[in-house]
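What follows is a set of notes on a single structure, which appears directly below.
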Amino acid sequence: MESFLKRFFGEVDSKMKQDTNISNYCKFDSQLLTSFTSSLYIAGLVASYFASSLTRAFGRKPSILVGGAAFLAGAALGGAAFNVYMLIFGRVLLGIGVGFANQSVPLYLSEMAPSRYRGAFSNGFQFCVGIGALSANIINYGTEKIKGGWGWRVSLALAAVPASILTVGALFLPETPNSLIQRGDSNEKAKSMLRRIRGTNDVEAEFEDLVKASAVSKTIDRPFRKITERRYRPQLVMAIAIPFFQQVTGINVIAFYAPILFRTIGLGESASLMSGVVTGIIGTGSTLISMLIVDKLGRRTLFIWGGVQMFVSQIMVGGIMGAKLGDHGGVSGGCAYLVIFLISVYVAGFGWSWGPLGWLVPSEIFPLEIRSAGQSITVAVSFFFTFIVAQTFLTMLCHFKSGIFFFFGAWVAIMSVFVYLLLPETKNVPIEQMDRVWREHWFWKGIVEDQYEACKKDDGGITTSSA
C-alpha cells in the first residue's frame, strides 16, 4: 500500500514514483523493507529452540497457548505502530508466535490423527495457513481503498482475530496421549484419551507402542545430541533437507512479494492486490485437494508431480519476463495476465505438494524420543532459509532480473530428484512404527540396519519400533 510505504519506507515510495531511470526490477530493493519482512523469521528461528523444551517438558498445548499470546501482542503493536522500530518489534512478536505454533501444532495433529488419516489431518495445517494468507490478501485489497491512508493499521491489527481463536481454542484442547505418557501422567488417563480420540476401546496395540516408545524416550537426556547418532541419520537429513527445499521452491517470493512482483510487470496497486487474492484462492483450493488424496496416492507421488508442475511454470515465467519486460516500461496486458496464470499454476503445484507435505512428512517420521527436537530442527531450518530468501529476494530480483525464476526452477528440479531417490513412502504407516520404512529403503537400510540391531541389544531386550 502506498500509504504504508510512504509512512515507513519513504525511500521505496520515492523510487517507485519519481525515479524514472531506475530498473523495473530494482524499484523495491530496500534492506529496511526486507528487514521488516524477514525479522519475523529470525524471531521464529530462536523461538523454535525454546519451544522444543517447553513442548517436551509441559506438552503440546502450552506451546500452542504461548504462540497464541505472542501473536496477540504482535498484532496489537503492528496496528498501533507509529515508527518503523515499533513495527518491526511487533513483527518479531509475531515471529515468536509462529515459532511456537509451527513447533507444536504439526506434532499435535500427527499424534492425534489415526494413521490412515494422518496425511489429511496434517495437511489441514497448511490448508488453514492458506486460508489465513487468502484472508490477508482479501483484507489488504479492501483496506487499501479506505480513504485517509490508515487501512494498513486495520490489516495489521486484524491478525488479533485468528490469534484470539488460537489462544482461546487451545484452552479447550486435550493433550495428546503421546505427551501424557512422555510426561509421566497416569497410563490410564492416556489410555482413556486414546480411546476417546479413536472412538473405540480396541486401542491396546497402539497404546503398547506408545508406552514402549515413551520408555525409550525417557532414557534420552539430550535429544539434540541424540538425533545426530547414525541410527537417526535419515530423519536428520529429512529434517534439514525438506524445509530447505520447501523454501527454495521460491514460494515465499510469491507469498511475501506477489503484489510487488505484479507491480513490477506493470499492474496498478489494486490490480496487484487482487492478483494476490486470486493466487491465494488457488493455493488454498489445491491444498484442500491434497488433503483428500494424500492418503490414497501417497507422499512421493504428490512431491514429484507437484515439482514437475512448479518447474515448468517457473521456467515459462522466467522466459516471458526475460523476453518482454525490460528495465523500463511494462509488459502488455496479455503478457501480464499470462504471467499471473503461470504463477497461479505454480502456486497450485506447491499447494498440493511441497506446501502441506513439507510439514506433514517431518512431523510423522521421528520416533518419540527425538520427536520434539526433530520438529524444532525442521522449524528452525525453515525459518533460517525463509529469512535468507526474504532478506535477499528483492536484491536478487534487481541483479538477476528474470533469471530469478530460473534460479528457483533449478532448485525445484534438484529437490524432485532428491525425493525420487531418497524419500520412502510413509502413507498408512503407524507413527510409532515409522522406523521400518528406513530399514526397507534401498539407500538408508545400509546406514540404519546395523545400528538398529546393536541398539536392540543395548536396550536390554526393549525391542520397540522406536528403538
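Note that Cβ sites are derived from N, Cα and C of the backbone, with glycine treated the same way.
What TrEMBL lists as domain 'Major facilitator superfamily (MFS) profile' is 1-427.
According to TrEMBL, the feature transmembrane segment maps to 32-51 (among others).
Annotated transmembrane segment per TrEMBL: 63-82 (among others), in sequence order.
Counting same-chain residues at least six beyond the ends of the transmembrane segment (88-109), those with a Cβ under 8 angstroms from any Cβ of the stretch are 35-37, 39-48, 51-52, 54-55, 60-61, 63-64, 66-71, 73-78, 81, 121-122, 124-125, 156, 159, 163, 166, 173, 176, 359-360, 362-363, 371-372, 375-376, 379, 382-383. The transmembrane segment annotation in TrEMBL covers 88-109 (among others).
Marked as transmembrane segment by TrEMBL: 121-142 (among others).
Residues 1, 61, 64-65, 67-69, 71-72, 74-76, 78-81, 90, 94, 97, 101, 108, 132, 135-136, 139-140, 143, 146 of the same chain lie 6 or more positions beyond the ends of the transmembrane segment (154-173) yet place their CB under 8 Å from a CB of it. Residues or ranges marked as transmembrane segment by TrEMBL: 154-173 (among others).
Residues or ranges marked as transmembrane segment in TrEMBL: 236-260 (among others).
Look at TrEMBL and you will find 272-294 (among others) tagged as transmembrane segment.
Away from its own ends, the transmembrane segment (301-323) comes close to residues 249-250, 265, 290, 293-294, 331, 335, 338-339, 342-343, 345-346, 348-350, 352-354, 357, 401-406, 408-409, 412-413, 415-416, 419-420, 423 of its chain (Cβ-Cβ under 8 Å, at least six residues beyond either end). Residues annotated as transmembrane segment in TrEMBL: 301-323 (among others).
The transmembrane segment annotation in TrEMBL covers 335-355 (among others). Away from its own ends, the transmembrane segment (335-355) comes close to residues 126, 130, 245-246, 249, 251, 254, 258, 261-262, 265-267, 275, 278-279, 282-287, 289-290, 293, 302-303, 305-310, 312-314, 316-317, 320-321, 324, 415 of its chain (Cβ-Cβ under 8 Å, at least six residues beyond either end).
Per TrEMBL, transmembrane segment is recorded for 376-397 (among others). Listed by sequence, the residues of this chain that lie at least six past the ends of the transmembrane segment (376-397) yet keep a Cβ under 8 A from its Cβ atoms are 25-26, 28-31, 33-35, 37-38, 41-42, 44-45, 48-49, 51-52, 95, 98-99, 102-103, 224, 227, 236, 239-240, 242-244, 246-248, 250, 252-253, 256-257, 260, 264, 358, 362-363, 404, 407.
Within the same chain, residues 237-238, 241, 245, 248-250, 253, 299-300, 303-304, 307-308, 310-311, 314-315, 317-318, 321-322, 354, 361, 393, 396-397, 441, 443-444 sit at least 6 positions outside the transmembrane segment (403-423) and bring their C-beta atoms closer than 8 Å to a C-beta of that stretch. According to TrEMBL, the transmembrane segment annotation covers 403-423 (among others).
Within the chain, the transmembrane segment (32-51) has long-range Cβ neighbours (under 8 A, six or more residues past its boundaries) at 8-9, 11-12, 63, 66-67, 70, 84, 87-88, 91-100, 102-104, 256, 376, 379-380, 383-384, 386-387, 390-395.
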